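Enquirer: Below is one structure. I have some questions about it.
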Amino acid sequence: MLQKLGWFPGNPVVNVPAANLNIGMDLWNASPAGNGSLKVRQNPSAVVAPGTMIVRDGMMPDQWVNQDERELKRQKRKQSNRESARRSRLRKQAECEELQGRVETLNNENRSLRDELKRLSEKVTSENNTIKG
């Protein structure tokens, strides 16, 4: 699949491959000597006369600006959402760490109270045995 680029006046339309995940991989597989494996396709019908307005996706130039502005707003919104999600994750992590600390504190307090209860119970039992004795 090819995309046409060159929507500015006077620039020729150039056919380029559509975006895919293997972009640039052919450069890694090429020989280091540069044996000319890179192919350039000549297309005489792709030349546009200077001063000719090229329509991009069926839109006029003033529509390009609107679309570009919308795309810019969309990108800003996406970035803002990413940052907001990051802050939310950090808040959640901090809250979780705080709760873990609180659990540890309460477990220690519980252990202390149980130890004190056991000590007092043994003391009362000892006093009862002394009184009976």
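In case you wondered, yes, glycine gets a Cβ from its N, Cα and C as well.
TrEMBL labels come from automatic prediction, so no person has curated them.
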Enquirer: According to TrEMBL, which stretch among 23-58, 59-94 corresponds to the feature region 'Disordered'?
Expert: 59-94
Enquirer: Would you mind splitting the domain 'BZIP' (71-124) into helix, strand and coil residue counts from DSSP?
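Expert: The domain 'BZIP' (71-124) comes out at 54 helix, 0 strand, 0 coil.
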Enquirer: Taking the domain 'BZIP' (71-124) alone, what is its mean pLDDT?
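Expert: Summarising the domain 'BZIP' (71-124) by its mean pLDDT gives 98.
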